Amino acid sequence: MDPDCPPAPTHNPPRSLHARSVFIHLSRRRHAVSAAVPAARPAAPKAGRARLWFLVHSWAALPLWIFMFFVCLTGTIATVSQEIVWLADPAVRARAPSADARLLGYDEVLAAVNRASPESVVQSISRPVKSQFALSVRVGNPDGTSQSIYVNPYTGEIQGTDPSFNFRGFVRALHGWLLMPFTNGFNLGWYAVSLLGLPMLVSLITGLVVYKKFWRGFLRPRLRFGHGARVFWGDFHRLAGIWSIPFILIIAITGLWFTVQAVLGDLSISISSEGAPPIVAREDAPYTPDGLPPRIVSLDEAAAHASEYLPGLQPMFVSLPGNAYDHIVVAGRGAYPLLFERLHVNPYNGKVEYVRRVADRSALELFTESMRPLHTGDFAGLWLKLVYFFFGLLLTMMVLSGLLIWTKRTAHATAAMLRRREEEPDGSVAELETEGAR
């Protein structure tokens, strides 16, 4: 063989120029197809499996968001549950006999209840935040039981009995712990509801990250009508979320803290800095030769001493002594409206012997005790309750709108995947092409 001659080709090329070009074109196409088909074969099944798992994940989260909607709805109703009871039950209302009628003092209320029910022993008198509501008076019965009665704050008339479990109690129990009984510590319902603060907080943070320049919603709010349900609910979801940021933060953080509170309670860990309950000194308790109860200072006098000791205090609760060594307890709100400040007044000489101020609490106690009123909004009258009700309704509708948008999108994706699988029973299009190429 001549070394200068090229080696003979393995295939016999066509003799004509046109045939040779066709041969080269077909060879390149065959090599391109053979190189492309193996690379596409494993990718399509992997993408299909990922899409399937994503849809399973999406549908699995559906019960969580339905539960979130239920809790938000019941919480919104619980915000105004006391007002609903006021509308439904006339005994709860404080009906003034005339336009210039004045509110009775604590001593007058005590005397009126003693006249109307001499067999009962008054234990405490509580004034509501809102003057439209009747007084709640706790009385002890001769059989050893106790109950709360509604008393007209203008006339002292007993208007009815406060049931131990009314509509307000039902809604709050349904919202707070799903009506589950407390048998040994906090129940599962309490944990299930309070832990919803975590996905609520995460949803708020991720929503603000996804919604670029969200602050524009404050300056140029947009809610489009006439563009279909999807556009409307999308605009509503974003707009409601922006304007509810402070409210969502309050509800989420307080809800999560209820979880911490439950854990501490179940572990018998106390954060209280308060010492042993104070009692009246033995030498201050007078002896009576006839065995009758000794005379004590009036409730109005005790409330006046408490107000003098803590200027700005509004006495809203008075508890009578249960025995010879108990104090008269006066409690009310001062400069910090979320918490009650409590004073123990000696029932025999009127001296304030113990005070539990807001400043006496540790930072952790102050934070913990502020969570419940912040969560319920029941510390400043009807106007604040209506604000909480409005934003609670907004939050409920926002959860519903997000649920509708997400469910519709997931349902469409699921239907599309099922259609593809029906059209391609043996796998993806790429797999069919691969089998055909073989």
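Placement of Cβ uses the backbone N, Cα and C atoms for every residue, glycine included.
What TrEMBL records for this protein:
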type	residues	note
TRANSMEM	52-78	transmembrane segment
DOMAIN	105-161	domain 'PepSY'
TRANSMEM	188-211	transmembrane segment
TRANSMEM	240-260	transmembrane segment
TRANSMEM	386-407	transmembrane segment
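Across the domain 'PepSY' (105-161), DSSP assigns 11 helix, 23 strand, 23 coil. Computed over the domain 'PepSY' (105-161), the whole-number mean pLDDT of the model equals 96. Only residues 6 or more beyond the boundaries of the transmembrane segment (386-407), in the same chain, are considered here, and those with a CB under 8 A from a CB of the stretch are 58, 62, 65-66, 68-69, 72-73, 75-76, 79-80, 229-230, 233-234, 236-237, 240-241, 243-244, 247-248, 251, 376-377.
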